[in-house]
Amino acid sequence: MTISTTSSSTSSKTSSEKGDDLKGFSSSSSPASSRSSSATTPEPSSPTVLAAKTIESIDPFQPRKDYNENVLPAIPATEAVQPLTSDANTPDHWIARDERMIRLTGKHPFNSEAPLSELFSKGFLTPQNLFYVRSHGDTPRVTREQAENWKLKVHGLVEQEVELSIKDLKEKFPTVTLPITLVCAGNRRKEQNMVAKGLGFNWGAAGVSTGLFTGVYLADILDYCKPKNPLLSSFPSYDVAVPGRARHVVFEGADELPKGKYGTSQRLNWALDRCKGMLIAWGLNGEDLSPDHGYPLRLVVPGQIGGRMVKWLERIEVSDRESQHHLHFHDNKVLPTEVTADQARSEMHWWYDPKYIINDLNVNAAICSPDHDQVVNVAEPSTSSPQMLPLEGYAYTGGGRRIHRVEISLDDGHSWKCASIHYPEDLYRMYPIQGHEYFGTLDLSATEMSFSWCFWRLDVDVQADIIAKDVKVISVRALDEGLATMPRDMYWNATSMMNSWWFRVAVHREGENGNQIRFEHPTLAGNAPGGWMQRMNEAGLNPRYPQFGEAKAVESCKTDANTLAAAKEAKVDPKAIMIDPSKADTIITAADLAAHGDGEGPEPWFVVHGHVYDGTGFLKDHPGGDQSIRLVAGEDATEDFMAIHSMDAKKMLRDFHLGRLEKQDAAPPAATTEGEVLDLSKPFLDPKKWRATRLVSKQIISPDARIFRFALGSEDQELGLPVGQHVFVRVRSKNARTGETEMVQRAYTPYSGNTQRGFLDILIKVYFPSDAAATSAPAFEGGKMTMLLEKIDVSSPSDDLTIELKGPLGSFTYLGQQQIRWKPASAVRRVRKLAMIAGGSGITPIWSTLKAIADEVLDASNPSSPALDPIQIWIVYGNRTEQDILIREELERLRVALKGNLKVWHVLSNCTPENEANWSMGRGHITANVLRTHLPPPPAKPASEDELEDTLALVCGPPPMEKAVSDGLKQLGWDLQRCVVFF
């Protein structure tokens, strides 16, 4: 971006100053009613905001019942957001989110931060939609009715165990609101990962947000329950349990993770101290908590890292020992810098030392303006009106301490200037609120504790301070009231947490005659390339000890090789450690990859650096859940995998290596050419030749499902695809950036039958990309094939894109008249009963067979067909929610038309009595009992090997479902090899 800065005489207030002084607040905005949130707590109520008045009429230091935005920071309402297509195929598909948020761990789980400039522009209070999000798995889906009945259990070493609803909390204890800054311990982590990759993903400098949290003091709840025999001393060490002595308070949330629920703990003596400000909160900025931020109830611990603040809070236990939850030990630690990432993975003793745990935040600051890659046009020198450039940013610290000093250096730390500091939270000391209908007490006048960030600013003369002094870097550091400061040198650690070295922005003279200045931040959040640290790495320099400009080496910054090696991972080629040497020459064809490209199929394969890997064996153990693997099935996952995973994870990939993906020739294999005349009297498809087609229409079935229609050679041409078989679709497109032709190929089962002429319809789930920030690439670019099809303008064909079809392929075929060709040896059998079990998009191959059978029964135009008893068909179809059921109406129409010969049973895994009161079918998962109740019994064992059973089961769905179905069918007596077809 390019801006022109103002002169000192006309300098206007910047966005970061909104709410920073007594006259800089807008009275135009007010918080949205909590009724507008997607889910509400039992007593929705918006804060009352007074109409504009003159500031002179408002008495400071006098408690009031109203929130007055004339003198207090404007409360930001959650901005208009909706569920995103990038979440459509994840368990979080129902959550409304802001498309501007930068995703740090691919599509799922949702870990994100706002673009730094967007965050800073919002001022002191951050709207919920731009609040950073840290989640370890699926977000619990809590309905309003469930929230009204939500119970917080308080138990353990207490005189009185209780279960409290949110209504109970409001009635039993005083309501309190505090302005609190939340910070992820990984804030600014990517800077450490640019030195040596640690165990965590790439947070930028916007893993911080501030809001008004409303709830009750944790101390009030503990006083009510009365801890037994409390031990408040620091001796013995906190990792030593003293039986029967209440010493720790353990918190547990509702989120289910691979290694148990998320939980952590606080020392009892801290939890009993109201000065610590620990809240059990239900509100944020006058609204209910959003799902991503813990709806309906969470713990908030001012001055500590976000990892101590349990969301979706269900349980509080007073205990004689600290939390025993997995992530209480294996996360949120700053290990000694000598411990490499690999050591941290393999040497467990490091994680259990209480001296390495992170509680309080450390002092930190960042430059938010100028933004990364921002360009300032340099004005002609003027003595009367110098061109001024405001340097601005945030600073914070922990433990209730206050930032006392922010300093700026324009010469890499040789000299420093103090910036002015604005403390918006002090307005809640000058204008306290008591007895507010929503906030209760919002009054900092009785405490010196500081729980919020502050903003700093220093105006510099562009000519005198930047140009004349040939400034190469701008640095910022902050000091708190304990004189703790930000160090010059990075303290690298295996978790890459609590990074707080100087925040440096490189300065570049550009343009004709150097009439422009461009600013370069150290990194960009997530997987986005850019920043001076990456540039130094690529130049062979060490960004841990950066040198800006000429002759800027500082001897005291240097270190010996042994010290540096102890803090960095060994320089190894990550590509080499991911490859099994015995399979390095094994060639995997594009067709093989395409056959395993269904994210809900039994064996999802993916590509990293041109090699193919089978993710099946790691679906159950993947820390981010199996969705993270399924979402890249059949795709090139290089960017996401390399950016997120540690060297140890890259080594693990070798166990799943299959071989090298075949290279695609620049010229296409044999396909329809200009010189070839297509015989329209023959079927369109050819198993040995690609046939050119075009996309002629797209029918939207759901937010992430489409029926794509492809034209054949003529309106009367037959497709030539037997029922139950698949077709290859290949798309060639020209890369606008490189000019090269790229190819994507997938196998699909058609939605339309072979009787349809002139067209081929395919029902496809579209994998949409995650959204990018203004200058960053998306964490997930979407399904290559599905996004190519989605973006095609059917009304305006492009010469840069071609679509081709080839087929058929597959081992199962319905021949008609109750005849099926399948194994063994493509033998033909007559079937009388079919059990069809599908999950999600696995209904597609099931549908093609069902539709063909139904068409035969319902076709009255062919009286010569032999009269056969209709095939008896049972369908069990599993989905997450009712909205996820594909072709539901079509299934119902066939059920009615087939008059008792088709039975359909739907099973919803996310169906509960509260949100699906009218649902009359199955709930939960497809179990053996479901199969026993809603399918026919298995066929009798044939008298000889040559005799073929007349009953088959057809199965297609995600691997967990297929595994459960396999086990269930086997338990019920089905022969999986002879009688069960897995598509």
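Even glycines carry a Cβ here, placed using N, Cα and C.
Straight from Swiss-Prot, the features:
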BINDING   His622, His645  heme binding site
BINDING   Leu952, Ala953, Leu954, Val955, Cys956, Gly957, Pro958, Pro959, Pro960, Met961  NADP(+) binding site
COMPBIAS  1-14  compositional bias 'Low complexity'
COMPBIAS  26-48  compositional bias 'Low complexity'
DOMAIN    585-662  domain 'Cytochrome b5 heme-binding'
DOMAIN    688-815  domain 'FAD-binding FR-type'
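When Cβ atoms from all protein chains are considered, those within 10 Å of Pro958 (NADP(+) binding site) total 23, not counting its own. Taking the binding-site residues His622, His645 in turn, the residue surrounded by the fewest other Cβ atoms inside 10 Å of its Cβ turns out to be His622. If you measure from the Cα atom of Leu954 (NADP(+) binding site) to that of His622 (heme binding site), you get 29 Å.
Shown in sequence order, Ile837, Ala838, Gly839, Gly842, Ile843, Thr844, Pro845, Ile846, Glu962, Phe982, Phe983 are the residues of the chain, 6+ apart in sequence, with a C-beta less than 8 angstroms from the C-beta of Cys956 (NADP(+) binding site). Taken residue by residue with DSSP, Leu952 (NADP(+) binding site) is part of a strand. Other C-beta atoms found within 10 angstroms of the C-beta of Pro960 (NADP(+) binding site) number 15, with every protein chain shown included. Counting residue by residue with DSSP, the domain 'FAD-binding FR-type' (688-815) contains 8 helix, 60 strand, 60 coil. In this structure the alpha carbons, written CA, of Pro958 (NADP(+) binding site) and His622 (heme binding site) are 16 Å apart. In the predicted model, the domain 'Cytochrome b5 heme-binding' (585-662) has a mean pLDDT of 81.
DSSP classifies Pro958 (NADP(+) binding site) as coil under the three-state reduction. In sequence order, Ile820, Trp822, Val831, Lys833, Leu834, Ala835, Cys979, Val980, Val981 are the residues of the chain that are 6 or more apart from Leu952 (NADP(+) binding site) and have a CB within less than 8 Å of its CB. Across the domain 'Cytochrome b5 heme-binding' (585-662), the DSSP tally of helix, strand and coil residues reads 30 helix, 16 strand, 32 coil.
Counting only the Cα atoms, the space from His645 (heme binding site) to Pro960 (NADP(+) binding site) is about 25 angstrom. The distance from the Cα of Pro960 (NADP(+) binding site) to the Cα of His622 (heme binding site) comes to 14 Å.
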